[in-house]
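Only one structure is covered here, and it is reproduced in the block below.
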Ligand code: 6R9
């Protein structure tokens, strides 16, 4: 597949997919579930009496300091799960393993991009987390305060997250690839009192100057009173006296013992920003017990994490996948987590496969966009390495096109590993629709069936059931869902619970086949999915119009054979603008500076006017068609798949 080849959209191929892969019982027969009849039985039970089910799961999977008084309440779209209970996330991820046989088990095996390796046992991780928690207290943080984490993918990022949870500090992790303006906006929105960062991180052989970016953001974040800096690259950095502290120096001053705070089940755990349909990213707030239950259960049942597994989730901690399946889920299950700092293709395109063979990784969880870029590079890279340790392959972030699914299954999994395609969102906290590994028969491109206790629906805009395909919704609140948008509960209610009255609205389109399998067709709102990362078209548009020459901007996604979707920006210039050959480049850099490299437009088109409806709304459908095919064929879209999605979108445009 090359970029110039016509791209079959995943939706197009998904509609014609009818292969089914039965689990191969002979190879691995000790999965947590016996068979599908057990799944259906348990699922039915969980739906018929969800509170009883969640209560049972919480008792079985988590350690509480005090039991709850009430399992669930729901008032003004504010959910409370397990109220009255006391719990601590770091206790569940560390202490409870340390007091058992897992004390000397590797919790983290980390490889830096230059090839340096660190292995940290559960016992050592607990000491580091306790020491970091004491540092955080030392710089003035206390339960309920917020701290931002802006770091490369190094063990200290995980240590800091867990340290926050130990003392009730709410973390907001900002992806290291985001620009200083994005970091500033997030720190301002969540009123962080401290920032934990690093001098830099290694990426594609060079170092990313993170402290320098942070310094830029910190000029406009008066709430931040202290900054802790990890020395990673030996970058020369400016340290502001009495505000900035080197991690390795500060840590010397504190003990490595810190009692976990007994926090209420609904204590805020973290805020994580994600793009929505407006220019302003939303800070989704997750809380303690319900979230931990969701990630623990799904890590266990969907990824089948067992004592001897070496589990690798390739996501950065800056995304929800990194939160739930690099840190909290697997550590709560007592797994050995592998973590890699750098770029996937560095120094050679076989870096992933080399590490899998070297560390004998057994479970790999990655994104379709990565798989597609590996396909383009060719089979020879994985074939150079012994991948026989792998027993399970997961995917997340966007719909996986069947070709990529089959390649993953055959070339990486040697037809032995179940493919676990997990559908979920920042808002849902953990997986919602996914096969139970080794038990659920899989179909390439379908996330298959719901997790226990989760009741997905496919509805029309008026809330009635849709047979052909429609809006994917969730019938009832569940313990691991986000509780609110930080500082804007009205927006939370409106976006998720009032779009279709009374159910949770996901923003995705989906259909269900005759076996009840769910097929996700992509976003139905103005959110695009670039390399598995959500970006709001409005967010990019707002960044572009800040440029002094730009009058108006409309951004649409178009299919991209590697990234899933690429970004096309239609721009009208101000009359006063002087157009020269570098203006597009300049606007592109301007957008990157404001959001981050992931928002780089694949194409910028200057146009005299933007097509609008009578009410003045930009007709994105036309722009999408123009961006995709290069022309507009009138109202008749030839692809039935597109028309399903477009119909959904159109109803919003009118
Ligand atoms: C976990 C994560 C969420 C959006 C979601 C959907 C898309 C995620 C998917 C998938 C099809 C899958 N998405 N997983 N689409 N199949 N297995 O990615 O969270 O960054 O919030 O994105 O990603 O469109 O609505 P987030």
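Along the chain as shown, residues are numbered 1 onward.
Even glycines carry a Cβ here, placed using N, Cα and C.
Among the candidates 386, 508, 513, the one that TrEMBL lists alongside 397, 398, 399, 421, 422, 423, 424, 425, 426, 523, 534 as binding ATP is 508.
Candidates 424, 426, 523, 545, 547, 617 (recorded positions) were compared with residue 321 (CoA binding site); those inside 10 Å Cα-Cα are 424, 426. DSSP classifies residue 203 (CoA binding site) as strand under the three-state reduction. Here the binding-site residues are 205, 397, 399, and the one with the most other Cβ atoms within 10 Å of its Cβ is 399.
For the domain 'AMP-binding enzyme C-terminal' (539-617), residue counts in helix, strand and coil come to 22 helix, 27 strand, 30 coil, using DSSP. Ligand 1 lies under 6 Å from the Cβ of none of the recorded positions 204, 206, 531, 550, 617. DSSP classifies residue 424 (ATP binding site) as coil under the three-state reduction.
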